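One structure is given below, encoded as structure tokens.
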Amino acid sequence: MSQMNVEQFASELGVLPTVLLEQLQAAGVRKHMTEDSLTEKDKTQLLEYLRKIHGAKEEKGRISLPRRQTSEIKKADSTGKPRSIQVEVRKKRVFVKGVDLPVERKTAEIPAPAAPSVPPVRTPVIDAAQQALRQEEARRQAELIARQAAELREKRLRERPPVVEIKEPEEPAPPFVPAAPVAGPEAVPVAPETPSAAPGETVAAVEAEAAPSQPASTEGTLHKPAVKPEEKADKKKKPAKQVVWKEEKVEKRGLKTRGDLSGAKGGWRARKDKHGRTEEPAPHAFSAPTEPVVHEVLVPETISVGALAQKMSIKAAEVIKALMKMGNMVTINQMLDQETAMIVVEELGHVAKYAALDSPESFLADTEIAPSELKMEARAPVVTVMGHVDHGKTSLLDYIRRTRVASGEAGGITQHIGAYHVETERGMVTFLDTPGHEAFTAMRARGAKVTDLVILVVAADDGVMPQTVEAIHHAKAGKVPIVVAMTKIDKPEANPERIRQELVTQEVVPEDWGGETMFVEVSAKTGQGIDDLLESVLLQAEVLELKAPKDAPAKGIVIESRLDKGRGPVATMLVQSGTLKRGDILLAGAAYGRVRAMLDESGKQVEQAGPSIPVEIQGLSEVPVAGESVVALTDERKAREIALFRQGKFRDVKLAKQQAAKLENVFEQRGEVKVLSLIIKADVQGSYEALTHALQQLSTDEVKVNIIHSGVGAITESDINLALASKAVVIGFNSRADAVARKLINSAGVDVRYYSIIYEAVDEIKAALSGMMAPERKENITGLLEIREVFRISKVGAVAGCLVQEGFVRRGSLVRVIRNGQVIHTGELDSLKRFKDDVKEVRAGFECGLSLKNFNDIQVGDQLETYEIQVIARTL
């Protein structure tokens, strides 16, 4: 290898040449110029110096064994749910080569021989070359042992060496020559001019101290001398080398008993190690608690019995036992509601706390933009048209659409869309058609103010009807202003003043009379007052100052939804704020999906929709519920997570309420309470509400009326299928079944009853419930007989000759045998004869012969009492 100078070596190390010169001089290398050459010995000397000043140690003859141990623990999070945590324990053990053992020996005390004294040896059998080679090897081994002894002594002064179990070598270790041997500062020098016999004696002396059982090596022989028997015995006493992990040592002591406070010793004397020190127990040793442990249990909205037991660190059987004492029959996987779970926790002596709702829906609140940060713009009013049937509501809407929608779009309007918008000279108006008011009721129940105005349609020739009053109640409950449209004003029998008077009784006062409600007279046939109606709506909207942000994520509500055979789930959505674009990710209740197609009320494709614009969207995962709120998100994965969470939450809450088998429902579960299931369809909402209320009043402790479904309209195929599944009776009040439903009724044999008078329906249902009730049984005594004679006949048995004292006796009558005033038998007559003829009946004052079925213990003087059971039907 070519030598390099100081400057080249400094550039290779990345340091300044002047700094390298200072380090070389401090290490004892005499170099003064950057052009001076460096040898391998100089580099090694510099390396040893740097190791010494930095505290580095040579790692010779060491083996490091890393060890990893993975385990899994379960810990409850902030919501109370158990979470699995992976725990990894890393350990490292270092083993030193056995030649490093004699650390207590002081190499400096090894006496140097004054004169070579060669012990007597056998006659050499090898040549001189081999003998010289063997002596050279022994000399190298002596130098190595001396050097290692010095290094170990130096290390012992620096730090305490680790304690390891090492087997002492039985024979000298093979020669180990380092790559660049450097003598330590305290190493014993070995003179090169020592006579050839001295190295052998030095090796023998060192080995005699380190391992006395090993005899001195004999020079000039090819075989090892025999070991003496006593030396073999000494070797057997020494244990073999073992690699032992401290963490795996098992303490074989007495079992720790409950209540023992002796520091986990269990009353046994601790074992001592080879140095006389008492071994301490493992820090993770289990000690049984001496008093009950009270846990703080976080209870979520719903939790299973097994999970609740795990939180309290008890068995699930204990929780089930506590619930059974409270009257709940549950299983280990059954869901409990929060209130029940907290009562159980308190009953078992733990502390129950409401768990923080770990709901993905919190993501919606975090991502919601504050209204103050958004730019608010004016939006069109949303108007709902309400009114009684046949009051001209449909005609009014058709006239507005026909005159205010472009002629090219008039034929393309899809009638099933329940919302559309109209352009006027003063702005746009969005109309919301909610037949039956079902969607409006669902929206108001969810607290969503969808409608800004209500147009109340009242026929001028008919007056205020029940559904009109119902519409007024809906509007007042939602705190929505009303504009009254009096239709059919062109008819001769129209009477607007009567309409005003009737509406005043419902607290709807016109402006002419000092109120706040605008009244407009319109005619859907001639078009009279249509412009005034739209003008009134827009004027009322200006007073309300309707505003909504446009440049924001879309929010809205589901108006209608259905399942289309060709397009899948389809929902009509009203955008309330923001802008809905094609491709946005929507979340509607438990449904989610990407907007794949968006249509307006004309059936045309649109790319975006602003506030107060109704659109029909496709691409949701399922059919959403009418009245559900819709929000646009940016992350489809988060939308799916929230939707699945809502589905699971709804299912868990439903199961927790349904599965709880209370003790008070035991009789009903055993079938002792009979249930009559009904499906009611009526022409108007008021009719089925009144009929439902009247029928539910018929329920008693023995029979119960269960209204499975009630609605407005004709009896459909779905109603018949529901009746088949639930074994219910279908009642049509001023309503008939359609053609498809009639075919299913005839084929399946479903009981369908039609009524037009509410009292007829109530009377028939009452009669049906009376037939389901258990009848009343009444006992009537028919006759009294006295036994005058008893005849014993071998084939027949005992036959009694009797006299009828009162009433009459019939064949097959029920009879009691009375002896000394006590009833000894209750049974039935087997035969009845007068003289030798069988008779059906014997009246008072006549004698007869009779025998009892399965009873022969009759005596003279006994009395027979005949009776019959009368069944009386019960009524409500």
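The backbone N, Cα and C atoms fix where each Cβ goes, and this holds for glycine too.
Sequence annotations record features per position, and here Swiss-Prot assigns region 'Disordered' to 164-288.
Taken from Swiss-Prot, the feature compositional bias 'Low complexity' applies to 179-219.
Residues annotated as compositional bias 'Basic and acidic residues' in Swiss-Prot: 244-259.
Taken residue by residue with DSSP, K393 (GTP binding site) is part of a helix. Here Swiss-Prot flags 387-394, 433-437, 487-490 as GTP binding site.
Residues belonging to the region 'G2' (412-416) score a mean pLDDT of 38 in the model. Positions annotated as region 'G2' by Swiss-Prot: 412-416.
Residues annotated as region 'G3' in Swiss-Prot, with similarity to another entry given as evidence: 433-436.
Applying an 8 A CB threshold to same-chain residues 6+ apart, the list for G387 (GTP binding site) reads K393, L456, V457, V458, Q467, T468, A471. The Cβ of I489 (GTP binding site) lies under 8 Å from the Cβ of A460, P496, E521, V522, S523, Q528, G529, each on the same chain and at least six residues away in sequence. Remark: of the binding-site residues D390, K393, the most isolated position is D390 (fewest other Cβ atoms within 10 Å of its Cβ). The DSSP secondary structure for G387 (GTP binding site) is strand.
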